[in-house]
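Read through the structure below, which is laid out as structure tokens, and then see the notes.
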Amino acid sequence: MAKEISSELLNTILTRVGGPGNIASCGNCMTRLRLGVHDSSLVDPDIKTLEGVKGVILTSDQVQVVFGPGKAHRAAKAMSELLGEAPVQDAAEIAAQNKRQLKARQTSGVQQFLAKFATIFTPLIPGFIAAGLLLGIATLIATVMHVTADAQGTLPDALNFMKVFSKGLFTFLVILVGYNAAQAFGGTGVNGAIIAALFLLGYNPTATTGYYAGFHDFFGLPIDPRGNIIGVLIAAWACARIEGMVRRFMPDDLDMLLTSLITLLITATLAYLIIMPLGGWLFEGMSWLFMHLNSNPLGCAVLAGLFLIAVVFGVHQGFIPVYLALMDSQGFNSLFPILSMAGAGQVGAALALYWRAQPHSALRSQVRGAIIPGLLGVGEPLIYGVTLPRMKPFVTACLGGAAGGLFIGLIAWWGLPMGLNSAFGPSGLVALPLMTSAQGILPAMAVYAGGILVAWVSGFIFTTLFGCRNVNLD
């Protein structure tokens, strides 16, 4: 497929989702064009057969067309331009369609709630990856070249320069999350950013670091700005809801002047009195749960084995707040490499299918087109083009991923926990330089590479033995 998404393909997709009048929204994540639809019954599921489309996921009110990284963004931009030129559906007809779809939407409320995380965090993922790669490369060079923290010279300065982006990102991350979360929940982004900043400020007048808020208690009550991302998400949701209620009663002439003012005062009061303590408890509970799962080999196997299923249902973005909580509590994201084993198991399954397929079969062609992205951590082409349509290989791929997760869990249990140096990043082989541990970057890279190898081999063996029987290998 060409670098640019062809207008013919996009027009065909637009026709098969019911035309421009059936489109409620248009956006994208890292690999998928996401089209919100008014009436899902008008969508033709055979979109997945179009050349250049790597898969399709249908929900009650959304069509997700898998293009792959980079292409999804270009597809969304081009589709938005097409929709801008298209005639708009009558408002009464849209309202009628929305009413017909209400019941179906209610049945998938949990999935839609988790999909909010994609809206909040997907715009941040390129920054996570870039900052994490720079930090990983700098750490690897410093380890190999024996550059100490207090070293002087051109090389240490260059390494510190490469590390500064990660420090900047994670220092002010809550403000970015607050902005995106407030928008995702239907509010004004800047209000969410301001409320999030309250979690970043310091409330200890004797502290020598941080940004002092100017007061150390809230009308005599102690302030405990814990919870970080968890608290910020709750506060941003509350901010958006309060803004909506205030706006309903605010005269139009005073809306710009008073709506945000009242919203901030009410939300900040709730944040200091309720949300900060609540967020802290939830943060500690979530960190405790996943830290214990990560240190339990069987728990790691279960997490890695089920992650492909989470990707299929589109709820894998719900793990991102957990990643951020682990970064705060451990200093690295120990869950991400475990879940990455799911993609490695799928690579092994695809290689087994390639080995068992006929020399000139369509299956071999499909595997050749999807295996390189799979090795580099982009799993959707393999999921929707190779393993999931044949089901048994999908199950054996999950088992291969579970074996890789079990390996990483065993190593952590024996005393070498490791993880990603960022809240989010690429998986597959690209993630190798992003691994870190208390023992250094090289042991962490070795553990991750070992896990990938175990998942590849296990996925290959499971699929060869159990995943090719009564399966279409043409």
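Residue numbers in this text run from 1 along the chain shown.
From the backbone N, Cα and C atoms, a Cβ is placed for every residue, glycine too.
Across all of the domain 'PTS EIIC type-1' (115-474), the predicted model scores a mean pLDDT of 86. Residues annotated as domain 'PTS EIIC type-1' in Swiss-Prot: 115-474.
Summarising the annotation, Swiss-Prot assigns topological domain 'Cytoplasmic' to 1-123 (among others) and lists sequence analysis as the type of evidence.
As annotated by Swiss-Prot, topological domain 'Periplasmic' applies to 145-157 (among others).
Annotated topological domain 'Periplasmic' per Swiss-Prot: 202-217 (among others), in sequence order. Tertiary neighbourhood of the topological domain 'Periplasmic' (202-217): same-chain residues 223, 225, selected by CB-CB distance under 8 Å and a gap of 6+ residues from either end.
Here Swiss-Prot flags 239-260 (among others) as topological domain 'Cytoplasmic'.
Packing against the topological domain 'Periplasmic' (282-301) from elsewhere in the chain are residues 226-231, 321-322, 325-326, 328-330, 334-335, 338, 402-403, 405-406, 408-410, 412-413, 417: each is 6 or more residues past its ends and has a CB under 8 Å from a CB in it. Here Swiss-Prot flags 282-301 (among others) as topological domain 'Periplasmic'.
Taken from Swiss-Prot, the feature topological domain 'Cytoplasmic' covers 323-334 (among others), and the record attributes it to sequence analysis.
Residues annotated as topological domain 'Periplasmic' in Swiss-Prot: 356-368 (among others).
Marked as topological domain 'Cytoplasmic' by Swiss-Prot: 390-393 (among others). Taken through DSSP, the topological domain 'Cytoplasmic' (390-393) splits into 3 helix, 0 strand, 1 coil.
Residue counts for the topological domain 'Periplasmic' (415-440) under DSSP, helix first, then strand, then coil, are 7 helix, 6 strand, 13 coil. The topological domain 'Periplasmic' annotation in Swiss-Prot covers 415-440 (among others), and the record cites sequence analysis as its basis.
Tertiary neighbourhood of the topological domain 'Cytoplasmic' (462-474): same-chain residues 348-349, 352-353, 355-358, 361-363, 390-393, 395-397, 399-400, selected by CB-CB distance under 8 Å and a gap of 6+ residues from either end. Summarising the annotation, Swiss-Prot assigns topological domain 'Cytoplasmic' to 462-474 (among others).
Annotation source Swiss-Prot lists transmembrane segment at 124-144 (among others), citing sequence analysis.
Taken from Swiss-Prot, the feature transmembrane segment applies to 158-178 (among others), supported by sequence analysis. Nonlocal intrachain contacts for the transmembrane segment (158-178), taken as residues 6+ away from its ends with a CB within less than 8 angstroms of a stretch CB, comprise 120-121, 124, 127-128, 130-132, 134-135, 137-139, 141-142, 147, 192-197, 199-200, 228-229, 232-233, 235-236, 324, 327, 421-423.
Residues or ranges marked as transmembrane segment in Swiss-Prot (evidence: sequence analysis): 181-201 (among others).
The feature transmembrane segment is assigned by Swiss-Prot to 218-238 (among others), with sequence analysis given as support.
Per Swiss-Prot, the feature transmembrane segment maps to 261-281 (among others). Sequence-distant contacts of the transmembrane segment (261-281) (same chain, six or more residues past either end, CB-CB distance under 8 Å): 187-188, 191, 194-195, 198-199, 218, 221, 223-228, 230-232, 234-235, 238-239, 242-243, 246, 250.
Counting residues of the topological domain 'Periplasmic' (282-301) by DSSP class, helix then strand then coil, yields 18 helix, 0 strand, 2 coil. Mapped onto DSSP classes, the topological domain 'Cytoplasmic' (239-260) shows 20 helix, 0 strand, 2 coil.
With helix defined as DSSP H, G or I and strand as E or B, the topological domain 'Periplasmic' (356-368) counts 8 helix, 0 strand, 5 coil.
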